[in-house]
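Report on the structure given below.
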Amino acid sequence: MSGLMTRANRRLPLAAAALAAFCVPALAQAPAKEPTKEPAKEEASAPQTYESAITNGKGETIGKIMIRDGANSLVMRVTVQPGGLPPGWHGIHFHAVGDCSDPEKFEKSKSHVNHDQSKHGLLNPDGPDEGDLPNVYAAADGSVNAEVSSETPLTGEGGLRDGDGSALIVHANEDDHTTQPIGGAGPRIACAVIK
Ligand SMILES: [Cu+2]
Ligand SMILES: [Zn+2]
């Protein structure tokens, strides 16, 4: 939308220049339209934000998630401090209930957010479910600095912050994005409440 507008605006000086020889007042009016439109547009697209601590299997805080939710996509930054996770790839998903109070297994967070019985997996032809996300990589020191996106909204219909909330779960192994029910990602080793 903004791209189209910008392109249209960029064409204006040419057209205006051609017109100028015949009609000078038209040139003077054109720029006055812009300031009234732009501020309203920015307000409407301001992202909602949400932050939450990530806890490990001992209930200790190891990092945080920071979510920004815009009109068409949600973007989540995942930060884990050194020593927080075993090095290597880890599957992460949005699970259906915002409860991380059982750190031994994190089973209270239930299964993946999935309102329409989709198959699991970003690479599955019958998927993905609404909880599916790309893997994150923990460096040799166990830290993570990653950013992933999702079409699942933070609030509203089908949103993560529904009545019982949701949880971001970090798994021990990577998600192959294809097999059921969780892409072979293994045990749940960390959790962040989204409520
Ligand atoms: Cu999961
Ligand atoms: Zn899934």
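Numbers here mean position along the shown chain, with the first residue as 1.
Yeah, the Cβs are placed from backbone N, Cα and C, and that goes for glycine too.
Automated prediction, rather than curation, is the source of TrEMBL annotations.
Annotated compositional bias 'Basic and acidic residues' per TrEMBL: 34-44 (among others), in sequence order.
According to TrEMBL, the feature compositional bias 'Basic and acidic residues' maps to 104-119 (among others). Sorting the compositional bias 'Basic and acidic residues' (104-119) by DSSP state (H, G, I as helix; E, B as strand; all else coil) yields 3 helix, 1 strand, 12 coil.
Taken from TrEMBL, the feature domain 'Superoxide dismutase copper/zinc binding' applies to 63-194.
The region 'Disordered' annotation in TrEMBL covers 30-55 (among others).
The region 'Disordered' annotation in TrEMBL covers 104-134 (among others). Same-chain neighbours of the region 'Disordered' (104-134): 57, 76, 92-98, 148, 150-152, 158, 160, 166-167, 169, 175-183, 187-191, counting only residues six or more beyond its ends whose CB sits under 8 Å from a CB of the stretch.
Among the features that TrEMBL reports, signal peptide is placed at 1-28.
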